[in-house]
Structure formats: structure tokens, C-alpha cells
């Protein structure tokens, strides 16, 4: 290790960009959230007024924001466990084989993760189409449906969750797979000699040793679902009847469609605080578990 | 022992079949998309659909490029993707700085970098728009690229990898009088090839797929990216599913090809990242 000025030259560009585009914007967002900034204020700063807590008081009385909060909670509560269970199960299954077939399957399950949300939405909009869509056509063979998928408030949220889970599995599966492959083979050999079957090995060796990966995936997935945006934005615009509106989409609409920057910023600060709280709780649980293990 | 082996084999076969079925279900939307992109819109609207097109046609793709502006969108997307590789270099430099030097403020600066991962895009969206607007960078390609150049996840992965490079090699080079830049470009970067590959692929995917930020920053159609163009197409030709499928296919296929070529590096990359 060398002490000199040169490390600063190496880190300076990246740090400067992060400061300008991540750190400073938080303080700007908090500041704007106490003002009535709108499109008029963008052209002429003197037309921005300090309004104190008005934005926050109004947003908590805003029925649409309440609906967006409810929907986001719904997405998080249903989506997060689904993503974790599905990607963990697939990673364990793929890890059973080493041949070409299994590595091909890895590519197959990863493919939705790397593809563009707009492209994917276009495809699913068609599959979900109530009259000419493929899904209802297939369901008609077993005398189910037709389901209205995206156009009925009672199924719209779940329809979006299906796509988002399908899309999220790949990356998390790879993280689990990398961690599984880091587990020493001897553990399984020893368990085999003791007569443990595959199922017992998964429960007693694989999952306990994946604790950190599961924690990592849980935190990143939670943060991701809190910011659920792309699918409702492209596919439903938050409808029908605001049934798919997420907090993130609410912020975007108020900010960039209604030009109520101050109001939208207040929404974004609330979202940020919610994410900090939930992540903090996760961290607490994680450190508690570590302490218990001594 | 033999029966144990047999049980093992049939178990593996069962898992294989299960994976195969799930895999077909997972990939099916893409298959449907690809085949539909060669159908006429009349055929797509048939009540009894079939996977394969009856008469394959390239008309949808031709329309995208000749009548709609997909050529321009493609050019913009490629420029943005190429520029985002500059960010890759900046992240590698920062990762090297954090991995191989001791300096004042190192720990809290690194914590700050990691903390930026928690900041939702929606919080920075409005302020960054206002910042770029005040310096006249809205509606430019620079404005689209700049905010995404440096990224905490990239810096973190580079640091993790570069921690494993031996210090002796660097010291030896310094004794020989090599400059810090020489060391970085001639020793560090070549040794870091595996992690550069992972980051390179992720950078390509990110640039190719970038959507929300170009949508916010670009008001003028001549700065649209492919995904923004596709979104526009969906709004304007909402009932022409064949055309939309062709646009979607054009966005998805390059990524799948790039990924299938490089996928083994990605898995290795996650291994070295030490997520355990």
C-alpha cells in the first residue's frame, strides 16, 4: 500500500459523478419538497415559494397517493417472496447437473432479466389481450376464463407481478448459483455418508450456508419492488382505476406529466424514507442472527 | 451401490425434465414474439392463433426502418452504449483506487459510494433533471449518458476483484520507475480481464436497454433511443401487434446473442464478487 496523492486521481472522476448525480440530488429533492416548484419555477426561480410542510400534509390526504402506497405494499408483499423462492429453487435445480443442458437452462431462465422492459411489455400486452391473446386462448381449452388480465382491477396487479417475477428470477438465480458453487463439496459428501437424502442436504446444508446471499437478494429485491415502475408505466399507466399505480409511477406522473415538482419531490422523499426503514430492519435482523450464532 | 446410482440418475432426469418444462414456459413469450414478428397483422388477429407464420414476411422490419425512424433510434442507442463504456473505465479506476491505496477518508468515501445504491431513481430523477436543465444539457445525448456513467455496483465489483491482485507485482513495477498510470493501464487492466468482461456485458445490456432516463431527457424524436421509440410505436400503432413484435424482436435478439456468447464470464464474475 502506498501513501500518495495518486489514489485521489483514480477515484476523483467517479466520486465527482456520484456526488453530482446521486448525493447532491437528495438534498435538492428534500429542499424542493418544501416548495411549490412547478414548470413556471423552472424558467424563473423567483416564482418558487417556500410552502413548509404543505406538500407532505397534502400528499397524505391524497387518495391517489394512498392507493399508490397500498399497491406498492401489495407488490412488495407478494412479489418479494415469489422472486426469492423461485430463483432459489431454480438455482438449486440447475446446480444438480453440469452438462450442456443445464447451462443452456441457465441462459433460458436468465433471458427475461436482460431483455428490455418495453419489448417485454409489448409481448405480454399481446399475450394478455382478452380477445386475441394467447393466454386466454390456451385457458379456453380447459374451460377457464376469459380473464380480463390487465383491464380488470382485481387481476391487474397480479398480471404485472407475474411479468416482473418472470423478469427478476434470472439475475437472482445467478447470484444464488454462484454462492451454491462456493459451498465446499465435502459437506455434501459427509452428509451422504451419514445417509442424508437430497432434500435433507438442501435444508440442512445449502440453505443455511446461503444465508448471506438470501439476505443480499432480499434487500436488493425489496428495494427493487419498492421502486416498481417500468411495467405499470408501459403497460397500464397505473390503471384501471389506479389499481396498478405504484408510488414510483405516482412520483413520475406528478413530476413530469403534471409538472408539480415540489409535490412529486415530497413523494420521493417519503419513498426514500420507507426504503431506508425497511432496509434498516433487514440489516437489524441479519446482525441479530449473526449474534445468536455467536 | 448400483441401485443408489440408479436412483441418482433418475432423480437427475426428473430435475432435468422439470427444468425443461419450466424453461419452455419461461422462453415461450420470446418464441411467440419472434415468430409473430414475421406474421402479417391480419394473421396475428386470427381467433385461433398458431405459433409459426403461414407466410413469413419481412415487411414489419422494413416498415420499422424505412417508414418509422428506427434507424435513428438504433444509432442513438449505439452511441449511448458506446459512451457508457467510458463509465466502465471510471469505475475500474475508482475500484483500483479503493482496492490498492491507503488514503485519508478512504473508508467513509467507500461507504458513501455503497450508500448511493440505496437511493431510489425517483428521488434523484427530478433534481438531476433540474441540474441538467440549468446547464442546458436536456435534449442532448450527453445529458442522457452523463448521470449513469459512475455506478456503485461497478466500483464495488472492481474493488473486490482488484483486492486479490498481488501487491508485490505493483511494488516491483514502481521500483522499476513505472508511473501510476502505466501500472493501471499495463498491469491492472490486463489482469482484470474477467471482471472487465462481466462489467462490459452489464454495461452493454444497461446501455442497450436504457429507457426511463432517455425518455425524460429527450424531447426531440431525433434523440430517442430504441426503447423510447418502441414505446412511442406502442402508443401510435397500438393495434398493429405484428409491427410491435418486430420492434420488440429487434431489441431482444442482439442482447440474447451477446449474452449467450459471454454467459460463462458472468457466472465467474459473480463468483469473484465474493457474495457470500
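Backbone N, Cα and C define each Cβ position, glycine as well.
Predicted automatically and left uncurated, TrEMBL annotations should be read as such.
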Correct range for transmembrane segment (source TrEMBL, candidates B:57-76, B:77-96): B:77-96
Feature contact check the transmembrane segment (B:12-35) with the transmembrane segment (B:195-216), CB under 8 Å, 3 or more pairs: no
Beyond the flanks of the transmembrane segment (B:12-35) by at least 6 residues, Cβ under 8 Å: 51-53, 245, 248-249, 252-253, 256
